Amino acid sequence: MAQSVQNLSVLTASTSTSTIVPITIVYNTGDNAWMMVSTALVLMMTPALAFFYGGMVHNKNILNQLFLSIICMGIVFCQWVLFGFSFAFGPAVSKGFGSFKWACMLFGEVYAPTYPLLTFASYQGTFAIITPALISGAVAGRMKLIPYMIFIFVWTTVCYDPLAHWVWGDNGWLKLLGTLDFAGGTVVHISSGISGFVASIILGKRYDVGSHGQAHNLPFTVLGTSLLWVGWMGFNAGSAGNASGLAALAMMNSNAAAAAGLMTWVIIDAIRGSISISGACAGPIVGLVAITPACGFVQPGWALLIGVIGTLVVYSGLQVKKYIGVDDALDCMFVHGIGGIAGAFVTGLFCQARVNSGGADGAFYGRPIQLWYQIAGILTTIAFAGLCTAGILLPMKYTIGIRLDREDEVLGLDHTAHGESWEAAEPGVRGSISKVEDVEVGEDGIIQFSATMSVLQQIMPNFRPQLRVADGNLKQQPPRLSIQKVDYSNGGTGFVLVPETSSRASNGNIISKL
């Protein structure tokens, strides 16, 4: 095994003299390389999540949804370097909280002890980044940007960091109790799912929620799913902490659960009459969420079953979503909250000490007390994440405000918050929009206009004449929409949206017009 050597010096004090004692530290370069690769894989999951979420929102909010994920990479990692890592993993002041001894990464200690503590800090920082980014799916399309960014910073500090210490810190009280969470079922998924649900309640429903319909860009969602699946190998297998057989087990279990989740969702869709690509994307994500707390504690056969169980539970939960009355825009609560709860619970059933000496036998192997330890971790995370989220958002709601104005929300955050347009990035599919006359249409008119534009933008790609001319050359102009004011005979006013697509031959003459 390749190794690298680093020489450090430590100052020791005695009653009479101070001496410098040299210490030789031997790093395992294989372990260090694996942890650095895992760090890159998990970091990739945040932009992957941006694509996954971005493909599912209304096209008037896609750029905003991408931003909500990407901004977490800046906010959270700055916090992590300044004091977040120290608060989560630094020398503890109690069983509940870390200290600020390692603030600004002022340390030279070794972790594992086969690789630098900086490697471990970077790796854990990527977990801290993606966790609040998951919450953005619940508040899609209606939260102000500045309050959102403030929320991300504060939530990471008061919710994520303490949870990470409780579950993964050397003297964290849930870890000492016996709660098992190999890679973040409680710390990452349950906390973000519950927080997203509470945030959805506090924000309220979107004004035009009925016009959002199906995902507007499924190729984006497929891309995001694929990158998330790959990145999850660093998320789960990297949590082994070294390049070992345990890492291989976690990787195998992760793929097994993802595959089982995919097939389970597709089979359910087939039984119900229509196999959807959105379901084929949701299935593996749910399977990966469910296996996250268990991937280093169970055998691969159980991983398949966990993927199936997690998918069945989440799918069933989504069927009752409409009766709950909470506008969790992208099902953060169900995929991550319910999926994480299911995974953490079954970990207490199927975990086995012979698989991982750092784990324990579960109820299926004659130790039912482990189930109670898992339930304790689940309930603690639910209560703590919910209280933290409410404690942050409610004061903000009644002071600086967290909800967009109705008009801005209905028009879309891409335009009102960012001053940019997704449509401009799709030449030939969505054309320019010209407004003939400025008129006051009111809130109802804005909502109707938004719904109409949503339908038109979906059908406009079909306005593409496929004609040939003598020389075989065909040039096609992008579709255009004109909004024209109409005065009705009864005194009312309305609008007519006129689509036009023209094709020109090489000589410039229009040969077809719709």
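Here the Cβ of each residue, glycine as well, is placed from N, Cα and C on the backbone.
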Per TrEMBL, the range holding transmembrane segment, considering 7-27, 448-468: 7-27
Candidate ranges 120-141, 148-168, 215-235, 300-318, 330-351 - greatest C-beta contact count to the transmembrane segment (371-394) (under 8 angstroms): 148-168
Interface check, the transmembrane segment (148-168) with the transmembrane segment (66-89), three or more C-beta pairs under 8 A: yes
Contact between the transmembrane segment (120-141) and the transmembrane segment (330-351) (at least 3 Cβ pairs under 8 Å, separation 6+): yes
Selected stretch (most C-beta pairs under 8 A with the transmembrane segment (66-89)) from 33-54, 180-203, 215-235, 247-268, 275-294: 33-54
Local confidence of the domain 'Ammonium transporter AmtB-like' (33-421) - pLDDT mean: 93
Candidates 33-54, 180-203, 247-268, 330-351; stretch with most C-beta pairs under 8 Å toward the transmembrane segment (275-294): 247-268
